[in-house]
Amino acid sequence: MKSGQAEIMETSKGIQKSGLMSRRIAILEFILRIVAFFNTIGSAILMGTTHETLPFFTQFIRFQAEYNDLPALSFFVVANAVVSGYLILSLTLAFVHIVKSKTQSTRVLLIVLDVVMLGLLTAGASSAAAIVYLAHNGNNKTNWFAICQQFNSFCERISGSLIGSFIAVVLLILLILLSAIALSRRH
Amino acid sequence: MKNESATIDVPAESSSAMKGKAPLIGLARDHATTGSGGYKRGLSIFDFLLRLAAIVAALAAAATMGTSDETLPFFTQFLQFEASYDDLPTFQFFVIAMAIVAGYLVLSLPFSVITIVRPLATAPRLLLLVLDTAALALNTAAASSAAAISYLAHNGNQNTNWLSICQQFGDFCQKSSGAVVSAFVSVVFFTILIVLSGVALKRP
């Protein structure tokens, strides 16, 4: 009977320790969500406020560049805005995970939503990356001209806003990993 | 007299009953674990079948894009009359990425079998979930960048003076668009696989 009591004491200490580990994982998730939110909202704003007008004009070629002109870039802005909105709303759920101890079904819900948002964000970021690559280099075979040679600051802005979005993609993958680890632990 | 001997026997029975309780509790625990192992095994089998389907989708995407060469039967001095996936670096990235994803799926089949055989082990499932997430990101990146270029090839862009090449190369455009669709089907399969792994990781 005494050995049984000692085992109960040891397992309760083990529960306390792993409860602390779960809490640390939940706090780390909360912080990563905030960082990813800032990245996505920054990318969306940086891409959304691109507007460059060259100071000369001819009869044939257009000399204004906006993100609206390329549908892939407007999809990028929309995707980043949606994901940043989701990240803000999921902060409440992440906060609940820090405070509460039995969080299994809400963690599964969070993993599902995170995976969907990861897909959306990666789609937006990589389609914009394809178009930005084309804008930088053009394509000889299809006679697509590299517009970056004319619109320097527009090109710089759209290239820079991709970086924040890709960082947020990596952070979302880390968030999914952390949620899965927390889900598979004993407590 | 016989009643007194029966009352003397009672404590001995109770102690043996107490000793006997421990294996009963152990049996009850085994019952609970095999119960949850049943539905997790079902999830693992579904996971394995989905992986096979995703292999087909990813290989179909890579193969269709890789064999999308088209040569038009006439020529002039100025325009190009051959089109292949080589001409666009995004499509090259698409073929390579889909091949990598298909290779990863084939290599992950043994881990899926392990989760069928041992439905209660969490380490293989966790590993599969992490690697599936990375593969999902790669797959989505390849599929959506190729989709952006396909959209441009179909519609062109007036603001940047980019002409739509699909009006000349109809076959090439059709094949590349079909490959992109197949890649997005593979993305859907990956999403379901990750959700399955997440649900199966839950400890009841």
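Positions of Cβ are set from backbone N, Cα and C atoms, glycine also.
TrEMBL labels come from automatic prediction, so no person has curated them.
The annotation domain 'Casparian strip membrane protein' is assigned in TrEMBL to B:41-189.
Taken from TrEMBL, the feature transmembrane segment covers B:48-66 (among others).
Annotation comment: TrEMBL describes B:91-114 (among others) as transmembrane segment. Here the transmembrane segment (B:91-114) has Cβ contacts under 8 Å with residues 44, 47-48, 51-52, 54-55, 58-59, 61-62, 65-66, 85, 121, 124, 127-128, 131-132, 135, 138-139, 141-143, 145-146, 149, 176, 179-180, 183, 186 of the same chain, all six or more residues outside its ends.
Long-range neighbours of the transmembrane segment (B:126-153) within the same chain, counting only residues 6 or more positions beyond its ends whose Cβ lies under 8 Å from a Cβ of the stretch, are 47, 58, 61, 65, 88, 90-91, 93-94, 97-98, 100-101, 104-105, 108, 111-112, 115, 162, 164-166, 173, 176-177, 179-180, 183-184, 186-187, 190-191, 193-194, 197-198, 201. Look at TrEMBL and you will find B:126-153 (among others) tagged as transmembrane segment.
Residues annotated as transmembrane segment in TrEMBL: B:179-201 (among others).
Look at the domain 'Casparian strip membrane protein' (B:41-189): DSSP puts its residues at 114 helix, 6 strand, 29 coil.
Residues 40, 43-44, 46-47, 50-51, 53-54, 57-58, 60-62, 64-65, 68, 94, 98, 101, 115, 119, 122, 125-126, 128-129, 132-133, 135-136, 139-140, 142-143, 146-147, 150 of the same chain sit 6 or more residues outside the transmembrane segment (B:179-201) yet have a Cβ under 8 Å from a Cβ within it.
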